[in-house]
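Trainee: Have a look at the structure that comes next, please.
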Amino acid sequence: MNNTKSLAKNTVALVFGTLVPKAVTVILTVYAARILGSAGLGQYAIATSFVGVFAVVSDLGLNTLFIREVAKHKDKTTVYFWSMAFIKGIMSAVYLMLVFLALRIFSYSSLVETTICLLAASIVFSAFLSLVTSLFQAHEKMEYSAIIGIANSILVTVGGIAALYMGFGVIGLGWIAILSSAIMLIVGFVLIGTQFNLGRPVVQKTFLMSIGKEAVPFAAISILITIYYRSDMLLLSKLPVPAISNEEAVGLYSASYKIIDTMQMIPGIVSAAVFPLFSRLYVQDEQVLQSSYKRILKYLVYLGIPMAVGVSLLAEPIIKLVYGAEFILSADVLRILIWAVAIIFVNSLIATLLTSIGKLNVLIVVSAVNVILNVGLNLLFIPTWGFGLSYVGAALTTLISEVVGFAIIYQYFARNLYSLGLISQIIKPLVSASVMALVVFFFKDNLLLAIGGGALVYVMVLLFIKGFDDEDQKILFTLVNKPV
């Protein structure tokens, strides 16, 4: 199977494995927002962010290391899998202790603390489940990861809606998280049994030592990224904010963040699909690697720019449609965060390439800068003693941090590795998106017409100004006319 067809197969599987779960869980979020209100949604967001900060301890980047190494050395699958499982068991115990210790330091309502404890327990099951899905990704059998992800999201959503309907509230969502993750872990091991013969558990001391050394940079990156993405909601939950309660501020911020998180699935899917491929090509054919990432980067830029322009113009009707008028203040957050997502479209692929070729030290530096900048700006923008921008300040902080991170990583890449050719790639989609913006603005009172008409005009203009070359047409022909 050639690289294009292999990548297409894995990408299609990851699209369904990511798109369907995201779409399903969005249904739960929307229902929860309408039942719980901004304060209730904020309580749940605080709990998920709190456990999320410490959840990195149960992983420490081991999944990424596992995928990279098994993709290169599939004959070592058994030793890698059981060794990783052993480490995850130890780290999960450490994780639970950290959560309970942190709860003694930080003061939250009894409802939030109970939810935190329930979600913390579910994270342990999820840690092992992620190792199961990583095994399938490493062997480029993304369809099994998709099955697990879809089934898990359906369990969480159906159970969550039922719990909310019966009046169990935020705590009910915590119990559903435990049950669904435990059930899916069992299903995951059943699927492994149908595809692999892992044999008896094999854990070697020398192998654990080597894994520990290899995992240090992955762990550093994972910790920094987790702090970066989770600190905003935690700071919103504790810093003094004007006009509204902390829980309401977190609720308004998390409402738009959930939409943004759904949109981030696109670069996430692509990165997950190309990671094993990039790792393999770096060893086998670096020339093909360069041409592959440039082509994929082009497509991500072509998607990210119109998405940012369109959502910026349609933020208010989108928020009203999804959450209702109570969350209309969240539209300002959405307008800002969508531009951060456009940058993430590029950053995620560059980060994946750097990881696959072993340049983790660069990612560590960028991640550290992002964390320092993010926390510092949040302390300045959010509270009443600073600019008092509350949830809008948190959104601005995220955007500024992404821009700075992109500038650093782009300069390093251009000077020390390969040419990205990014400047030339953004001109045509910018022109097309500018024309699209006129259509979107004209139909902004009709969301369906604005999105449909804008997308059609964007593609037509892009075709007219020759945004796609002969190689793009060949790739499309291959994907459409040959079985994946």
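Placement of Cβ uses the backbone N, Cα and C atoms for every residue, glycine included.
Below are the features I grabbed from TrEMBL:
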- 12-32: transmembrane segment (TRANSMEM)
- 44-67: transmembrane segment (TRANSMEM)
- 79-105: transmembrane segment (TRANSMEM)
- 111-132: transmembrane segment (TRANSMEM)
- 144-166: transmembrane segment (TRANSMEM)
- 172-194: transmembrane segment (TRANSMEM)
- 206-229: transmembrane segment (TRANSMEM)
- 299-324: transmembrane segment (TRANSMEM)
- 362-382: transmembrane segment (TRANSMEM)
- 388-410: transmembrane segment (TRANSMEM)
- 417-441: transmembrane segment (TRANSMEM)
- 447-465: transmembrane segment (TRANSMEM)
Trainee: Which residues, given as numbers and ranges, are at least 6 beyond the ends of the transmembrane segment (417-441) yet have a Cβ under 8 Å from it?
Mentor: 290, 293-294, 297-298, 301-302, 305-306, 309-310, 313-314, 346, 350, 359, 410, 450-451, 453-455, 457-459, 461-462, 465-467
Trainee: Mind checking which residues reach the transmembrane segment (172-194)? Cβ under 8 Å, same chain, six or more beyond either end.
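Mentor: Residues 32, 44, 47, 114-115, 117-119, 121-123, 125-126, 128-129, 132-133, 135-136, 144, 147-148, 151-152, 155-156, 159-160, 163-164, 166.
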Trainee: Do any residues, 6 or more residues outside the transmembrane segment (447-465), come within under 8 Å Cβ-to-Cβ of it, and if so which ones?
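Mentor: Residues packing against the transmembrane segment (447-465) from afar: 302, 306, 310, 313-314, 317-318, 321, 428-429, 431-433, 435-437, 439-440.
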Trainee: In the same chain, who gets a Cβ under 8 Å from the transmembrane segment (44-67) while lying at least 6 residues past its ends?
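Mentor: Hits for the transmembrane segment (44-67): 32, 36, 80-81, 84, 87-88, 91-92, 94-95, 98-99, 102, 106, 108, 112, 115-116, 119-120, 123-124, 126-127, 130-131, 134-135, 137-138, 170, 173-174, 211, 214-215, 217-223, 225-227, 229-231, 233-234, 237, 247, 250-251, 253-254, 257, 275-276, 279, 355.
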